[in-house]
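Chemist: Provided herewith is a single structure, encoded as C-alpha cells, for subsequent inquiry.
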C-alpha cells in the first residue's frame with residue numbers, strides 16, 4: 001500500500017554559502033490510483049543574528065532562514081466500474097488449487113476442510129474464498145464436514161494462488177453461506193449463519209462489522225456463494241429465503257460502504273431463485289444465471305437495472321439446459337417459460353460476461369453428466385437475449401472430464417491494467433461420505449488467446465491414501 005507522504009524542505013541561507021537539508025518521512029496508508037495532489041502550506045521565519053566579522057563596525061549581516069513544508073495529499077482510491085474484457089476468444093486452464101495434495105502436512109500447514117469456494121477480485125488482488133468447517137486434514141474433526149450448516153462453519157480467504165491452510169487463511173466471520181466483493185476502495189464480506197428458521201446476514205466492510213439483515217421467510221435465508229458486484233461504490237448482493245423443495249423468492253440488497261441502503265424485489269418468474277452467479281453485461285445491467293432447485297432444469301435468468309434498481313426474472317430459453325439433474329437437451333416443449341420435467345434438485349452454475357465493443361459473449365458451465373455432479377463443460381453464446389433465444393449454446397471445451405467431480409461453478413473477473421479478464425471456477429469435491437472428510441479443490445479457467453480449450457483438470461487426490 002502506498003502512502004500519504006510528508007516532505008519538509010528547509011533551506012538555510014548564510015553569508016558564506018547555502019546549506020540544504022532535506023528531511024523525508026514517509027508512512028504507508030493506501031493504494032495510489034491516480035496522480036498525486038500537492039498542497040503547499042508555507043512557513044516563513046526570518047530571525048536576525050550578528051555575524052563575527054573583521055570589520056564589524058561597517059558590516060551587518062542578516063541570516064534569513066526560510067522553511068517551506070510540502071504536503072503530498074493522496075486522493076482516495078476510485079470506485080470500480082466494469083470495463084471491456086481483455087482480448088481473447090477461448091478459455092484455457094489457468095490454475096488448480098488442490099489443497100489435499102498436501103494432506104500429509106500437519107499443524108499450521110495442514111489444508112483446511114472447505115466447500116463452496118469462490119473468487120472475488122479488487123483492483124490489485126484476487127481472493128480465494130471458501131466456507132470451512134473449522135477443521136483440517138489430517139485431523140480428528142471429520143465428523144460433520146458433509147453438513148451444509150452448523151455452528152462451526154466460517155467464511156475464510158487466502159490470496160489467490162495460496163493454498164488455504166490453517167496458517168494462510170484469514171477467518172472473516174462465522175458463516176455457512178457467503179459472498180464478497182471489492183468496490184475499488186475496500187472489501188465487503190457477507191456471511192450468513194444462525195438457525196434455519198431465523199438465519200441472519202452479516203456484513204463486514206474492511207475490518208468493521210457494519211450491518212445485518214434478518215430472515216424474511218424463516219426458511220434458510222442464504223446468499224449466492226459467489227462474488228457480489230460493485231459499480232460506483234454500490235454493491236449488489238443476491239439473497240433468497242424459502243424451501244429447497246418449494247417457493248424461494250430472491251431479493252437483492254444494495255450495499256454501500258458496508259451498509260444496506262435499498263432492498264430490490266424482482267418481478268416476473270419468481271417461484272424459486274437461488275445461488276445466482278452474477279456479473280455486469282454493461283454499466284447499466286447486472287445479469288445472473290441462477291438455480292431453481294424444485295421446478296425446472298432451466299436456469300432462472302435475472303436482469304437488474306442499476307440505474308432504476310429494478311430486477312426481472314425469466315427462465316433461460318435455450319435448448320441447452322444448464323442444471324443438474326436435467327432432461328435431454330431440446331426435450332422441453334412449449335414456450336420459454338415451460339418448466340419441463342426433472343426439475344427437482346440442482347447445482348450452482350458458472351456464468352461470466354465477455355464485454356466487447358461491438359458484441360457481448362455469455363459463457364456458461366454445466367456438468368457433463370445429466371444426473372450426477374461429474375465433469376464440467378464450457379459453453380458460449382454471443383449476443384442475443386437469454387430470455388428469448390431458443391438456440392443451443394455452442395460447446396467450447398471440457399474443463400473437467402466426466403471421471404472427475406464437478407460440483408458448484410462460478411464466474412469472476414480479474415482486473416488487468418486497462419481491461420477485465422473473465423474467468424470461471426469449478427468446485428471439485430472430494431466426497432468421502434459421512435464417515436470421513438469432505439472437502440474441495442478449485443479449478444480455474446480464464447479467457448486468453450485463441451484456438452481451442454486444450455486440457456482438462458484433475459484434482460490428483462486419492463482419499464484412500
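Using the three backbone atoms N, Cα and C, a Cβ is placed for every residue, glycine included.
According to Swiss-Prot, the protein carries these features:
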- 12-34: transmembrane segment (TRANSMEM)
- 13-35: region 'Involved in apical transport and lipid raft association' (REGION)
- 35-465: topological domain 'Virion surface' (TOPO_DOM)
- 55: N-linked glycosylation site (CARBOHYD)
- 63: N-linked glycosylation site (CARBOHYD)
- 86-419: disulfide bond (DISULFID)
- 88-465: region 'Head of neuraminidase' (REGION)
- 115, 149, 274, 275, 291, 373: substrate binding site (BINDING)
- 121-126: disulfide bond (DISULFID)
- 143: N-linked glycosylation site (CARBOHYD)
- 148: active site, proton donor/acceptor (ACT_SITE)
- 181-228: disulfide bond (DISULFID)
- 230-235: disulfide bond (DISULFID)
- 276-290: disulfide bond (DISULFID)
- 278-288: disulfide bond (DISULFID)
- 283: N-linked glycosylation site (CARBOHYD)
- 294: N-linked glycosylation site (CARBOHYD)
- 317-336: disulfide bond (DISULFID)
- 408: active site, nucleophile (ACT_SITE)
- 423-446: disulfide bond (DISULFID)
Chemist: List the residues of the same chain that sit at least 6 positions away from residue 230 (disulfide bond) in sequence and have their Cβ under 8 Å from its Cβ, in sequence order, or write 'none'.
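Modeler: Within the chain, residue 230 (disulfide bond) has Cβ neighbours under 8 Å at 79, 80, 181, 182, 183, 184, 188, 236.
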Chemist: When the Cα-Cα distance from residue 373 (substrate binding site) is computed for each of the recorded positions 148, 228, 235, 419, which gives the smallest value?
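Modeler: Spatially nearest to residue 373 (substrate binding site) by Cα position is 148.
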Chemist: Which of the recorded positions listed here (126, 283, 288, 291) have a Cα atom within 10 Å of the Cα of residue 408 (active site, nucleophile)?
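Modeler: Near residue 408 (active site, nucleophile) by Cα: none of them.
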Chemist: Specify the nearest of the recorded positions 276, 278, 288, 291, 336 to residue 235 (disulfide bond), where nearness means the distance between Cα atoms.
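Modeler: Given the candidates 276, 278, 288, 291, 336, the nearest one is 278.
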Chemist: Give the three-state DSSP assignment (helix, strand or coil) for residue 143 (N-linked glycosylation site).
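Modeler: Coil, per DSSP.
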Chemist: Starting from the Cβ of residue 419 (disulfide bond), draw a 10 Å sphere and report how many other Cβ atoms land inside it.
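Modeler: Taking all protein chains shown, residue 419 (disulfide bond) has 15 Cβ neighbours within 10 Å.
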Chemist: Within 10 Å of residue 288 (disulfide bond) (Cα-Cα), which of the recorded positions 115, 148, 149?
Modeler: none
Chemist: Take the C-alpha atoms of residue 446 (disulfide bond) and residue 274 (substrate binding site) and report the distance between them in angstrom, rounded.
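Modeler: With the alpha carbons as reference points, the distance is 25 Å.
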Chemist: Per the record, substrate is bound by 115, 149, 274, 275, 291, 373: how many Å separate the farthest pair of Cα atoms?
Modeler: 20
Chemist: Go through 181, 235, 336, 446, the listed disulfide-bonded residues, and name the one with the sparsest Cβ surroundings, counting other Cβ atoms within 10 Å.
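Modeler: Ranked by other Cβ atoms within 10 Å, the disulfide-bonded residues 181, 235, 336, 446 bottom out at 336.
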Chemist: Under 8 Å Cβ-Cβ from residue 283 (N-linked glycosylation site), six or more apart in the same chain: what's there?
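Modeler: The list for residue 283 (N-linked glycosylation site) reads 81, 82, 231, 306, given in order along the sequence.
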